[in-house]
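Record features, source TrEMBL:
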TRANSMEM  29-53  transmembrane segment
TRANSMEM  65-87  transmembrane segment
TRANSMEM  107-140  transmembrane segment
TRANSMEM  152-170  transmembrane segment
TRANSMEM  176-199  transmembrane segment
TRANSMEM  263-286  transmembrane segment
TRANSMEM  319-341  transmembrane segment
TRANSMEM  375-391  transmembrane segment
TRANSMEM  397-419  transmembrane segment
TRANSMEM  440-459  transmembrane segment
TRANSMEM  471-489  transmembrane segment
Amino acid sequence: MLRKEDAADEDVLSRLGANSVFKRELNTFTNFCVVFSVMCVPGTITSTLSSAWNNGGPAACTNGWLVSTLASWALGLAMAEITSALPTCGGPYYWASVLGKQRGPLFGWFTGWFSFIGEAALAGGSAASIVALVFSLMQVNYNYDVTPAQQLAIYTGSLILSGLIVSLPARALAYISAWGCFWIFCGIVIVCLTLPAVAPWRQSATFIFAHFNTYQTSPTGIRNNVYLFLENVMVAQYCVIGYDACAHMSEETTGAQKSVPRAIIMAVVASAVLGYVFLISLLLSIQDPASLTDGNANGFVAAQIFYDAFHARFGDGRFGTIMMCALPGSAVFIALIAITLSGSRMTYSFAKSGGIPFGRFFSVVNKTTHTPLRTVWLLTFMAFLFGLPLLKSQAAFGAVTAMANIALLVSYAIPIACRHTFCRNTFAHGPFTLGRYSEVVGWSGVACVAIQTCAFVLPTQYPVNVDTLDYGPFILFGVFLGCLIAWHLPNVGAKHWYKGPNVPSQILSAMNRAEKRVTSPSKTL
């Protein structure tokens, strides 16, 4: 017997052409917990602070964070409005398919693949962050270099363990999400209170908000300050991305049309504010800026900050570094679980419409756990493939995280652009709407994605050679080119057989009728 709220949700789904296969075990808070865990600001800031520091220093970090969160705020609001009207686990891929109208299958095809690659790369980047934290701890405490084989073992073990956890029943995942979110919040509070209290010396507000390390002192070889700051914004954007997870969990959320938009807004605001406080607490506690990149943490800036603060206070920073790194390290693993959870739902929906090879095989929900186990392990395997460069180059993971960033941002921008072009006057709003600000907010988000995509193709280090080459743009361009070729192949291309998700004809007819009413000339007497 369905609850009243669930019955209403199922009615909305059926009108959208989707059949309910998941149990609705989430509410607004637990949906928020999933996406807050995906964004995982303590883990992502700790892992990426080294890159951010090298691209402009403290002022670039704090101001770059503000710029990136404004972009996320615009995208998050625009996505909240769309998911209120179209609350399915396909998320952006489904939205693009519907809002693209006659071109819907084409836009859905590209959005689905960018989203799939982005989710897999994001999972790979999270597992790589765990490896980097372990590597830095071994360097600081034992001066021990973790071998490439050991790094790959940690990477693989993290992915397998997260896959096993995500294979649990839906009710268990709801509890894990709530407790994971609570632990991440506790980690932020503990670090923000403990680290500045332990540090004997605390940096000034001028240093944190106004001191910019110009290109003359940057180890990246970049010779332009604006270029440096743009790269810093790219790093910060990686810390506040992944809020599409709310949409991917919508078919497991009660009252999805209202709950999911609320969860998106809550997650973006909470991550932006708490992440900024966490970042400031790290910068505040720096003891010697000159030692951050060449100290005994092997260039891992966050670990060096922890070590220097505890060493300056107690004469030995090893134990304090372990305790401080354990908090964001465990948070990153929680993020890996949440990313695999939400990504598997998107992959399931894309497979169900035939978007990936062997879609019929992968679009199966286990009758016992009520979860798509096959797409859980497909996403885990894809994330593992992104980890193989770890055997050759640790720097390769900078490319993986940047690729995840842009792939997901592009998958966000496509349906938003479709909504404000093809469905500008025919979009049927859900309970949550931006009203007259919808177009301004939507196009602002799309513009931010366009700027960051341009920045993504620029080299991150000079001179460009085999060791410094960022291969991320080449992989992403390869994905785009592969999708384009696969779509247009004569006779067997996807345009001949891929129709996208099952969108009821009455939805398309209603949008077409509305468009005719808007565009038809008014009668005059």
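First residue shown is number 1, and so on along the chain.
Glycine is treated like the rest: Cβ placed from N, Cα and C.
For the transmembrane segment (29-53), the list of distant contacts is 60-61, 64, 122, 126, 129, 132-133, 174, 177-178, 180-181, 184, 187-188, 191, 213, 231-232, 235-236, 238-243, 245-246, 249-250, 253, 259-260, 262-264, 266-267, 270-271, 274-275, 278-279, 282, 292-293, 299-302, 325, 327-329, 331-332, 334-335, 337-339, 341-342, 398, 401: same-chain residues at least six beyond its ends, Cβ to Cβ under 8 Å. Between the transmembrane segment (65-87) and the stretches 176-199, 319-341, 375-391, 397-419, 471-489, the greatest number of Cβ pairs separated by less than 8 Å involves 397-419. Across the candidate stretches 107-140, 152-170, 319-341, 375-391, 471-489, the maximum count of CB pairs under 8 A to the transmembrane segment (397-419) is reached by 107-140.
Below 8 angstroms of C-beta separation, residues 34-35, 37-40, 42-47, 119, 122-123, 126-127, 129-130, 133-134, 136-137, 140-141, 158-159, 161-163, 165-166, 173, 176-177, 180, 183-184, 187, 190-191, 194-195, 198, 242, 245, 249, 297, 302-303, 306-307, 309-311, 376, 379-380, 383 of the same chain, each at least six residues beyond the ends of the transmembrane segment (319-341), sit close to that stretch.
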